[in-house]
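Colleague: The structure that follows is given in the form of structure tokens.
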Amino acid sequence: MLAPASLPLESLPVRRPATITTIAWDRLAAPEARRLREFGFEVGVHVEILHRAALFRGPVACRIGRMTVALRRNVAAAITVMAD
Amino acid sequence: MSILPLVALVGNPNAGKSALFNALTGARQKVGNYPGVTVERHSGRLALDDGRPIELVDLPGTYSLDPSSPDEQVTRDVLFGKQAGERRPDALIVVVDAANLDLHLRFALQLIALGLPVVIALNMVDLAERDGLTLSPEALSRELGVPVIPTVAVRKRGLDVLRAALTAAVEGSATRAPRDPSAADQPIAALQRRARELSKAATLSETPTRRWNHALDTVALHPVAGPILLVALMFVMFQAVFSWSEAPIGWIEGGFAALDEAIRGALPDNLLRSMLTDGLIAGVGAVVVFLPQILILFTFILVLEASGYMVRAAFLMDRMMAGVGLSGRAFIPLLSSFACAVPGIMATRTISDEKDRLTTILIAPLMTCSARLPVYTIIIGAFIPNTAVAPGVGLQGLVLLGLYIAGILGAFVAALVLRRTVTKGDSSGFMMEMPKYQMPRLSDIAIGLWSRALIFLKRAGTIIAATTVVLWLLLSFPQAPEGESQVNYSVAGRIASGIEVVVAPIGFNRDISLALIPAMAAREVAVAAIGTVYAIDDVENAAGEKSIIDNLQHRWSLPTALAFLMWFVFAPQCISTIAITRRETNGWKWPLFMVGYLFAAAYIMAGITYWLAVAAGL
Ligand SMILES: Nc1nc2c(ncn2[C@@H]2O[C@H](COP(=O)(O)OP(=O)(O)OP(=O)(O)O)[C@@H](O)[C@H]2O)c(=O)[nH]1
Ligand SMILES: [Mg+2]
């Protein structure tokens, strides 16, 4: 088996639990960054992609803790994760 | 008047604050299973255990004390006593979702740090149980230093204990956490970690359960099945509006016909009789018969709102909305505008970016509101044959769906243009909590329908009745000499012939010209006006939908009818839409702009429809 590598949350396969390793806050607009923090996104937190609106790269549904959050792809691309 | 103690309900969106408010005060505030239902403060009264009344306010949900949209600003202003003429709350009920403590406790920590007496309502414990969680409110209360009361707002469970705790809090005898300004200033990540620890400490056990929420989403959010399901739902909705309403419409018509008969029998042929039958019954009756259709439409919208599907629809629509410079978030106010643009425009308060919000307000009137349903239905009923295109798929329902789609497409084009011109700016993105699915409660739907029915009937009894009587007056005087058409001879007829000059190029006739202006009061009045015109013009037949349809078929050409439909897709917002736009945008600039661009669009689109239809030989 390959060693787990970092990858953007955007590319994480569906239903594969992962841990956030970095968040490129500077790539996010201020209100987006604030809301993301309020939802509890930070380094070390476990996340998982549940669904993807595949058509024309629509948003992703991401599980964090006990909740599901819809994120746009550009936001998901700013979050790097390591598959657990 | 003595000042009552003020208690505010605060917490994250969708925690059940409004449900709790309703349970405690007996109010009927709107609840719905998506974040951002409440966008204003609402207050109510509640008697404490000792019989003392207090004032309870329900607030919009927010994720922190740092507002990022106008609705969240309302909450902050109330909490800090900044709302004009308002005092600071004396105590808080912090509502947290027991099934999502990690998130909700972080905000609770920030609220507790404000130093006001706090009672925590650990709401939705039933959902936490469904998720296999066993929680210890005692442990949580120990850790937080404030009372924690488990509740199920929608089943009124835990209310007595909550009220007792509230009594203690208001009297100041309850334990109160020390005011800790540093906690409010702590970085959010630190509070978040503390919340996670607390949540772990309060969770006694966790058993894995069947994840049917996920299973439902696998279909609802599926890249192919999801959008198909969304379109299918809309389709069924509009088919149902026609096919389920036939029988009840018949009963209401029968009722009005009997009333008409009775009045004609009881009164001699005089002006009063004419006002009652040709004015009120012909006008108001023509509108009230649409009550069943409006209720069917509302049933669908209410079920969508209560189930949690609304956010899924926003998720599916986000890509398309992004294409025109809006966010999926805007889809929720737009979908509410199918009911009525006024609450739809209010609901835009949840949109954080100002330009984004303004654009959504400006296009909301293009979403076909329920007041347009009577206009559409009567024209479709008169000009589109009631045939089946396929088993279970009626042509009339299909045309209705087409009109709704025309409105939606119009809105998209308008947004595209506006975002590149007058409302240029960044998009606010799309980031939204997706609530768990819930079974819609029958009683909630019934209450929602009941209040809509009352609003509709009240409109029919007041604004629509008044406009109809005024119109009847203007149509009946001066009285025409023998052989002349009463309608043409009347004041209204003369005004209409002035308007007709302007609208004749797009195929509009005298009847439409007559209906256009009163329809500004409320759109349904267009139908009422036409009903009254034919009641006065066509003395042979009794007033009623059948007579309206007969007259329409004889007097209107198909291109005219189609142009009229198209006009209503775009045109005249009612007075209330203009008023709410003025309030929400703080001035006359945007409502005037909205009226201007919509009238222009309506004129052009109706014209194109008319000319194309004539060219096609229809
Ligand atoms: N199962 C369950 N559902 C609840 C409970 N309390 C509220 N709900 C449901 O949860 C949803 C949200 O309730 P609301 O009262 O609208 O939530 P809110 O906190 O006022 O939300 P916003 O106004 O958006 O901030 C609705 O569908 C309610 O029917 C509860 O204790 N148990
Ligand atoms: Mg609410």
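The backbone N, Cα and C atoms fix where each Cβ goes, and this holds for glycine too.
The domain 'FeoB-type G' annotation in TrEMBL covers B:4-172. Taken from TrEMBL, the feature transmembrane segment applies to B:107-125, B:219-242, B:279-304, B:324-346, B:358-384, B:396-418, B:456-475, B:515-536, B:556-580, B:592-613.
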Colleague: May I ask for the residues of the chain that lie six or more residues beyond the transmembrane segment (B:556-580) and have a Cβ under 8 Å from a Cβ within it?
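Modeller: Those are 341-342, 345-346, 364-366, 368, 371-372, 375-376, 379-380, 382-383, 403, 406-407, 410, 506-509, 511-512, 516, 519-523, 526, 591, 594-595, 598-599, 601-603, 605-610, 613-614, 618, in sequence order.
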Colleague: Between the transmembrane segment (B:324-346) and the transmembrane segment (B:396-418), are there at least three Cβ pairs closer than 8 Å, leaving out pairs fewer than 6 positions apart?
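Modeller: They do touch: at least three Cβ pairs between the two stretches lie under 8 Å.
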Colleague: So what pLDDT does the domain 'FeoB-type G' (B:4-172) average out to?
Modeller: 91
Colleague: How about long-range neighbours of the transmembrane segment (B:358-384): same chain, 6 or more residues beyond its ends, C-beta under 8 Å?
Modeller: 241-242, 286-287, 289-290, 293-294, 297-298, 325-326, 330, 333-335, 337-341, 344-345, 348, 351, 395-396, 399-400, 403-404, 407-408, 410-411, 414-415, 418-419, 423, 519, 522-524, 526-527, 530, 545, 548-549, 552-553, 556, 558, 561-562, 564-565, 568-570, 573-574, 577, 581, 584-585, 590, 593-594, 597-598
Colleague: Out of B:219-242, B:279-304, B:396-418, B:592-613, which stretch has the largest tally of CB pairs under 8 angstroms to the transmembrane segment (B:456-475)?
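Modeller: By the under-8 Å Cβ criterion, the transmembrane segment (B:456-475) pairs most with B:279-304.
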Colleague: By a Cβ-Cβ criterion of under 8 Å, what residues six or more beyond either terminus of the transmembrane segment (B:515-536) are in contact with it?
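Modeller: Distant Cβ neighbours of the transmembrane segment (B:515-536) are 274, 277-279, 282-287, 290, 369, 371-372, 374-375, 378, 459-460, 463-464, 467-468, 470-472, 475-476, 486-487, 495, 499, 503, 508, 543, 547-548, 551-552, 568, 572, 574-576.
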Colleague: Taking the transmembrane segment (B:396-418) as the reference, which of B:219-242, B:279-304, B:592-613 gives the largest number of Cβ pairs under 8 angstroms?
Modeller: B:219-242
Colleague: Can you tell me which parts of the same chain pack against the transmembrane segment (B:219-242), counting only residues 6+ beyond its ends and a CB-CB cutoff under 8 A?
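Modeller: Same-chain contacts beyond the ends: 293, 296-297, 300, 304, 309, 312-313, 315-317, 373, 377, 392-394, 396-397, 400-401, 404.
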